Amino acid sequence: PFFVNRGGLPVDEPTWERMWRHVGRIHPEGERVAQRIRGAADLPKIPIPSVPTFQPSTPIPERLEAVQRYIRELQYNHTGTQFFEIKKSRPLTGLMDLAKEMTKEALPIKCLEAVILGIYLTNNMTTLDRFPISFKSHFSGNYFRHIVLGVNFGGRYGALGISRREELMYKAPVFRTLSELIFDFEEAYRRCWHTLKKVKLGHCVSHDPHSVEQIEWKHSILDLDKLTREDFRKELERHARDMRLKIGKGTGPPSPTKDRKKDVSSPQRGQASPHRRNSRGDRRPSGEKKPADSKAMPDLNGYQIRV
């Protein structure tokens with residue numbers, strides 16, 4: 001079932017090649033098995049999760065629950081093969097195109113894909129602030145990394161995402177401070193016998209799906225081994241203040257899409273300015289703008305214009 005998307009449509013060839021290589025490593029006849037599954041006509045149809053849609057009156061908390069339900073319905077990808085290649089350095093518009101592809105393919109996803117999908121599905125919630133939260137934990141001699149999409153609505157913090165563990169994904173927006181939210185995640189890691197080592201916090205993500213800005217994934221990097229409990233809390237609240245200040249100033253750096261508009265309009269202003277200066281300095285000889293009139297003028301007037 002992992003080799004056909006939920007709509008029964010064929011997956012793109014690069015994705016198929018990756019899946020076959022993975023299956024071939026663990027099954028000697030993996031490619032033949034995959035072809036036999038693809039060609040089977042009696043397989044039951046797997047329902048495709050419906051992308052959530054909302055009425056304008058739907059409260060934001062209910063919308064977040066619907067988005068999280070949709071992410072859950074896609075299911076966690078346990079295959080060991082990542083179906084969608086996500087480069088964090090890509091501009092936001094490219095990542096949103098990838099998220100749209102995820103909704104069409106409806107394949108299982110991992111935590112980073114869930115963050116991109118969460119951004120895509122909440123772009124129209126302009127009163128909701130979204131920012132990435134990354135975790136690094138330690139268990140049994142190994143390090144593990146995880147990421148969720150932090151959200152802030154009406155001064156209350158929560159999170160969207162997907163994980164193998166129920167406690168490390170969705171958090172309803174009920175936490176009064178960012179530190180309360182992070183401490184709740186830390187306690188969840190502790191219940192999973194993991195020790196939280198680092199927390200990376202990004203800045204708020206633009207709601208413009210066509211923006212060519214890059215997501216700021218790690219504005220603040222907090223090493224728990226080097227911070228006391230109180231210092232950890234202060235750093236979290238400092239980051240929360242930084243996000244509020246950035247939003248208050250107008251989402252920080254201007255969007256490149258807006259810059260392009262300014263670049264287009266600047267030459268027009270630059271060209272208009274000399275005309276205005278000329279019109280002020282040469283108000284009396286207005287006939288200079290019309291070559292026909294200037295020819296009809298006496299030589300004396302022309303001499304006065306040159307002076």
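Using N, Cα and C of the backbone, Cβ positions are placed for all residues, glycine too.
On a predicted model such as this, the values are computed, not experimentally measured, just so you know.
Some features that TrEMBL has for this protein:
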type: ACT_SITE; residues: C111; note: active site
type: ACT_SITE; residues: H146; note: active site
type: ACT_SITE; residues: S163; note: active site
type: REGION; residues: 241-307; note: region 'Disordered'
type: COMPBIAS; residues: 279-293; note: compositional bias 'Basic and acidic residues'
Between C111 (active site) and S163 (active site), the C-alpha gap once rounded to whole angstrom: 6
Integer Cα-Cα distance in angstrom, H146 (active site) to S163 (active site): 8
CB contacts for H146 (active site) [other CB atoms within 10 A, all chains]: 23
All-chain count of other Cβ atoms within 10 Å of S163 (active site): 18
Number of other Cβ atoms within 10 Å of the Cβ of C111 (active site) across all protein chains: 21
